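Participant: What follows is a structure written as structure tokens; I'll ask about it next.
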Amino acid sequence: MNIAVLQFPGTNCEYDTKYAFEKLGCKVTIVWHKDSSIPQDTDLVVIPGGFSYGDYLRSGAIARFANVMESVQTYAAKGGKVLGICNGFQILLEAGLLPGAMKRNNTLHFISKFKHLKVVNNDNIFLSKLKKDQVVNIPVAHFDGNYFIEEEGLKELEENNQILLRYCDENGNVESLNGSVSHIAGICNKEKNVFGLMPHPERAMEDILGCSDGEAMLRGFLK
Amino acid sequence: MKAIVNVALKKGVLDDQGKATHHALDTLGFKDIVKDVRIGKQIIMELNALNEQEAKQEVTKMCEKLLANTVIEDYQIEIIG
């Protein structure tokens with residue numbers, strides 16, 4: 001399985017992401033934002049976490065116009081799988097590949113800690129290795145993770161099973177982390193080939209890091 | 001020619017920064033005066049000579065494309081000749 005991990009100025013999770021997927025046996029290529037295309041045999045594009053272009057103006061707003069994003073748009077339109085983690089999620093929203101927008105956390109703090117998540121839907125490639133309602137423990141690290149979508153859009157997300165993850169406590173009771181609408185931590189598009197989530201599964205790959213719940217999550221992609 | 005663009009969260013979108021600032025102003029003794037606080041950002045641009053109408057058109061395009069996220073933000077443009 002060939003994975004392309006995008007790299008913008010300010011990206012800081014590209015090597016963690018590379019390590020995580022290599023651990024699962026994938027071949028990972030890091031693709032610079034100025035490149036005009038992604039490798040032809042790519043099975044999955046990952047937009048990793050970080051602070052693309054310093055998060056100036058808005059998180060993800062400038063990265064969306066990077067050279068490489070045009071080929072990501074085409075790739076996604078043809079059904080190619082795209083995963084956005086944290087800043088990658090923000091970029092996917094700004095690019096219109098996923099609906100909604102990110103606001104500053106309602107706590108007005110940068111939140112960096114392990115957080116329990118509830119699997120809301122697993123009828124997709126992303127979470128296919130996890131059970132519905134399963135609780136996983138994955139770290140979050142973000143300032144702008146307060147997901148917003150208007151009521152009508154939220155209804156659509158619910159109807160199409162596009163909400164994949166919600167923040168919850170260790171018993172699976174959903175709870176607020178950052179003010180996110182409906183406690184949303186991750187969503188996918190209607191076609192279910194584009195996924196975005198604020199938590200960092202690539203940081204939860206080994207017990208020595210605190211938890212290895214990220215492994216099952218990322219393994220879902222390996223088909 | 002100069003363009004001043006003000007970008008802020010739309011009315012229906014909860015502005016947590018504005019809310020926190022409002023609360024701080026309340027505790028500082030401005031409770032009776034302040035009705036609401038909204039926080040936005042201002043983008044000031046020097047433009048190459050254009051007529052005012054053209055400047056407004058171009059800056060509107062910039063707002064729609066990059067400067068504002070119209071899912072959650074409104075923008076206002078002021079052109080100063």
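Using the three backbone atoms N, Cα and C, a Cβ is placed for every residue, glycine included.
Just so you know, TrEMBL annotations never went through curation; they're auto-generated.
Among the features that TrEMBL reports, active site, nucleophile is placed at A:Cys86. Residues or ranges marked as active site in TrEMBL: A:His200, A:Glu202.
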Participant: Count the Cβ atoms, other than its own, that fall within 10 Å of the Cβ of A:His200 (active site), considering every protein chain shown.
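Facilitator: There are 23 of them.
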Participant: Helix, strand or coil by DSSP: which one applies to the residue listed as 'active site, nucleophile'?
Facilitator: coil
Participant: Write out the long-range same-chain contacts of A:Glu202 (active site), meaning residues 6 or more apart in sequence whose Cβ is under 8 Å from its Cβ.
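Facilitator: Residues satisfying the criterion: A:Cys13, A:Asp16, A:Thr17, A:Tyr19, A:Ala20, A:Phe21, A:Pro48, A:Ile85, A:Gly214, A:Leu218.
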Participant: Work out the three-state DSSP category of A:His200 (active site).
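Facilitator: Its secondary structure by DSSP: coil.
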Participant: Report, in whole Å, the straight Cα-to-Cα distance of A:His200 (active site) from A:Cys86 (active site, nucleophile).
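Facilitator: That comes out at 7 Å between the alpha carbons.
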Participant: Other than its own, how many Cβ atoms are within 10 Å of the Cβ belonging to A:Cys86 (active site, nucleophile)?
Facilitator: 28
